[in-house]
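Here's the structure we're looking at; comments come further down.
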Amino acid sequence: MAGGVAPSLRVLVDMDGVLSDFEGGLLRDFVASYPGEPHVEPAQRKGFSAQDQYRRLREDLGDKIASVYESPGFFLSLQPIPGAIEAMREMIQMPNTEVFICTSPIRKYDYCVSEKYIWVAQYLGPKFVERLILTRDKTVVSADLLIDDKDTIKGKRICATT
């Protein structure tokens with residue numbers, strides 16, 4: 001842009017499945033909590049909802065898998081996806097780029113919300129907590145780019161995905 005400041009690029013980065021290993025933590029805790037129950041290996045997971053896929057294996061398994069991610073400490077125990085924290089640190093250094101974490105809390109959010117804040121502070125530092133956006137509808141957050149593991153984002157506004 002001649003004689004002016006280049007406009008900022010606003011990037012939203014999802015947390016679960018992009019920064020934190022939700023699937024790995026879910027399998028680890030499910031197997032520990034329900035040894036001997038059938039489970040789905042991460043490579044075999046299909047669709048976004050683990051609860052739906054487990055329910056198809058056997059009706060009661062849907063509630064059991066949900067009890068895992070609704071438990072206290074679950075979100076705190078998630079490990080970063082290899083390279084994700086380093087990538088975030090690089091992105092926030094990019095000129096004319098604003099980077100935010102935009103994540104959806106689970107419906108039973110008793111522990112989820114506070115644990116996501118603590119997780120961000122632990123892995124990205126307390127200043128990054130100010131860049132954490134929690135919303136059930138990511139389409140209402142204005143951004144140029146959304147990095148998300150969910151292939152279809154639905155909400156009040158139309159969201160282009162690739």
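Positions of Cβ are set from backbone N, Cα and C atoms, glycine also.
Note that TrEMBL annotation is computational and uncurated.
Pulled from TrEMBL:
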type: ACT_SITE; residues: D14; note: active site, nucleophile
type: ACT_SITE; residues: D16; note: active site, proton donor
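Of all Cβ atoms in the shown protein chains, 25 besides its own fall within 10 Å of the Cβ of D16 (active site, proton donor). In the three-state DSSP classification, the residue listed as 'active site, nucleophile' falls within coil.
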